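Participant: Please find one structure pasted underneath; my questions will follow.
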Amino acid sequence: MAASAKKKNKKGKTISLTDFLAEDGGTGGGSTYVPKPVSWADETDDLEGDVSTTWHSNDDDVYRAPPIDRSILPTAPRAAREPNIDRSRLPKSPPYTAFLGNLPYDVTEDSIKDFFRGLNISAVRLPREPSNPDRLKGFGYAEFEDLDSLLSALSLNEESLGNRRIRVDVADQAQDKDRDDRSFGRDRNRDSDKTDTDWRARPTTDSFDDYPPRRGDDSFGDKYRDRYDSDRYRDGYRDGYRDGPRRDMDRYGGRDRYDDRGSRDYDRGYDSRIGSGRRAFGSGYRRDDDYRGGGDRYEDRYDRRDDRSWSSRDDYSRDDYRRDDRGPPQRPRLNLKPRSAPKEDDASASTSQSSRAASIFGGAKPVDTAAREREVEERLQKEQEKLQRQLDEPKLDRRPRERHPSWRSEETQERERSRTGSESSQTGASATSGRNTRRRESEKSLENETLNKEEDCHSPTSKPPKPDQPLKVMPAPPPKENAWVKRSSNPPARSQSSDTEQPSPTSGGGKVAAVQPPEEGPSRKDGNKVDVVGATQGQAGSCSRGPGDGGSRDHWKDLDRKDGKKDQDSRSAPEPKKPEENPASKFSSASKYAALSVDGEDEDEGDDCTE
């Protein structure tokens with residue numbers, strides 16, 4: 001039995017669900033509906049709510065929405081649509097006038113007649129600016145002979161003329177002025193602003209015409225706009241959810257709002273889609289200015305950024321009216337008066353002010369650097385000369401005052417007189433030799449005086465000899481009286497005459513006294529030293545000395561000779577010619593009287609000694 005059961009199991013048959021349900025329902029011969037295959041494109045069209053591009057057949061009416069009239073779609077060509085015009089606004093009698101807005105500024109009457117070719121046009125009016133007759137206001141009027149021509153002209157709304165999309169509307173005689181001031185005032189002002197830059201350029205809003213419209217945004221925007229609009233709050237919900245075409249004849253000049261937005265896709269579709277929030281909540285403050293008279297909402301928002309877009313409707317219209325009366329702002333004309341001769345003072349003042357204004361340095365003058373450098377150099381040179389004179393004056397002042405050389409001869413004569421008085425008792429020969437020695441000494445002193453005077457005359461600017469010369473000691477026998485006591489009693493005389501002291505032999509023996517010469521004046525010459533040494537040698541023969549005097553005398557001679565050579569070497573460059581060889585004339589005249597006085601004094605002393 002089990003084997004038979006296995007044999008009875010067979011593979012089942014696949015049937016559709018509708019057939020299975022029909023068999024289970026017991027209806028027997030029920031009709032079965034098999035859906036036709038639908039492409040994914042058709043399904044998305046149904047979900048989006050858009051209409052397919054194919055016409056529906058009667059078989060599809062069960063599954064699809066009823067067909068929609070293509071002529072009301074905004075994407076349909078304008079030639080396929082009838083002009084959506086309120087016939088109640090059309091004039092019943094001529095003239096049949098159409099308003100033309102957004103005209104190019106280079107438009108002419110012939111170009112407008114060519115634009116409306118085929119129509120019975122009778123006249124064209126193009127208003128011009130009162131301040132500038134060559135400039136158009138941007139709008140005009142066209143009169144037609146019959147009503148059919150006017151209807152045909154209204155169907156040409158938003159057509160291009162000279163790279164501009166012009167507006168064609170019915171011109172009501174009672175509303176011409178108000179329409180000019182309020183409805184198209186913004187367009188004229190906007191176009192006049194564009195003339196300042198590139199008014200021939202294509203409007204920037206044309207690029208938004210290619211965007212497809214969206215369904216649902218229109219009712220949403222109308223609902224909130226009407227809700228916040230205080231003037232039309234009563235009709236808010238009714239107008240916001242109205243499905244059919246909406247006409248506000250009294251307020252918007254008979255223009256169909258849906259037609260206006262439908263013909264301009266950017267206003268209804270693109271702009272409301274991207275800015276619905278601003279449109280819903282901000283339109284209450286804008287007082288419905290965006291849609292008045294077919295105004296371009298997008299251009300009004302972005303082309304005209306001024307405070308009037310937020311003002312009330314009445315204020316805005318009055319402002320436009322005043323601005324139209326005034327005309328565009330222009331530069332005031334120059335009122336040139338006849339030229340009059342300006343005053344000299346005013347002219348000089350103006351020239352001075354203009355010169356100061358033109359000079360970036362003001363009243364400053366350029367500095368003559370060469371002259372300034374010369375002045376500085378002269379001032380520095382004067383200062384150096386003054387400083388040099390100040391340095392030279394102290395040197396001249398420091399020069400010791402030269403005393404007349406007669407004081408040396410007198411002092412020497414007194415000393416010799418005392419010495420000869422003491423020596424005359426010894427021998428007459430010694431007195432004679434002393435007298436000759438004194439005569440030679442006086443002659444040499446006069447000669448030294450003459451030489452000193454001539455040297456001063458020939459070399460007034462010669463440097464004085466250095467004061468720090470080595471001290472010299474002169475060998476001399478002890479005098480009659482103590483030389484140290486005499487020096488202490490009369491230091492100036494001794495200091496000045498120490499270099500002319502002569503050795504005098506005394507009975508005390510041969511002692512040598514070291515005599516320190518004082519500071520020598522500038523007139524002191526080396527010839528005096530040699531003469532003194534010669535005089536000492538002359539007296540050495542007649543004076544009795546000790547056994548050691550000869551050696552010490554030779555030693556001091558050598559020292560004096562070396563010192564004289566050093567002084568000669570330390571002298572400055574060879575001075576001008578010095579008449580050392582021929583002072584005979586001056587010496588004879590000066591020494592003649594000196595010799596007589598010395599001889600007379602010697603004779604008197606000799607007489608005293610003999611007595």
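Even glycines carry a Cβ here, placed using N, Cα and C.
These numbers come from a predicted model, not from an experiment.
For reference, Swiss-Prot lists these features for the protein:
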COMPBIAS  1-13  compositional bias 'Basic residues'
COMPBIAS  79-89  compositional bias 'Basic and acidic residues'
COMPBIAS  173-203  compositional bias 'Basic and acidic residues'
COMPBIAS  211-271  compositional bias 'Basic and acidic residues'
COMPBIAS  285-328  compositional bias 'Basic and acidic residues'
COMPBIAS  348-359  compositional bias 'Low complexity'
COMPBIAS  370-420  compositional bias 'Basic and acidic residues'
COMPBIAS  439-458  compositional bias 'Basic and acidic residues'
COMPBIAS  487-506  compositional bias 'Polar residues'
COMPBIAS  551-583  compositional bias 'Basic and acidic residues'
COMPBIAS  584-597  compositional bias 'Low complexity'
COMPBIAS  599-611  compositional bias 'Acidic residues'
CROSSLNK  Lys343  SUMO2 cross-link
DOMAIN    96-173  domain 'RRM'
MOD_RES   Ser93  phosphoserine
MOD_RES   Ser207  phosphoserine
MOD_RES   Ser283  phosphoserine
MOD_RES   Ser359  phosphoserine
MOD_RES   Lys365  N6-acetyllysine
MOD_RES   Ser409  phosphoserine
MOD_RES   Thr412  phosphothreonine
MOD_RES   Ser418  phosphoserine
MOD_RES   Ser422  phosphoserine
MOD_RES   Ser445  phosphoserine
MOD_RES   Ser459  phosphoserine
MOD_RES   Ser497  phosphoserine
MOD_RES   Thr500  phosphothreonine
MOD_RES   Ser504  phosphoserine
MOD_RES   Thr506  phosphothreonine
MOD_RES   Lys586  N6-acetyllysine
MOD_RES   Ser597  phosphoserine
REGION    1-93  region 'Disordered'
REGION    173-611  region 'Disordered'
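Provide an account of the burial state, proximal residues and distances for the features listed.
Facilitator: The average pLDDT the prediction assigns to the domain 'RRM' (96-173) is 88.
Around Ser93 (phosphoserine), there are no C-beta neighbours below 8 angstroms that are at least 6 residues distant in the chain.
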Participant: In whole Å, how far is Lys365 (N6-acetyllysine) from Ser359 (phosphoserine) when you measure between their Cα atoms?
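Facilitator: Cα to Cα, Ser359 (phosphoserine) and Lys365 (N6-acetyllysine) are separated by 11 Å.
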Participant: DSSP-wise, what's the residue breakdown of the domain 'RRM' (96-173) into helix, strand and coil?
Facilitator: 15 helix, 24 strand, 39 coil
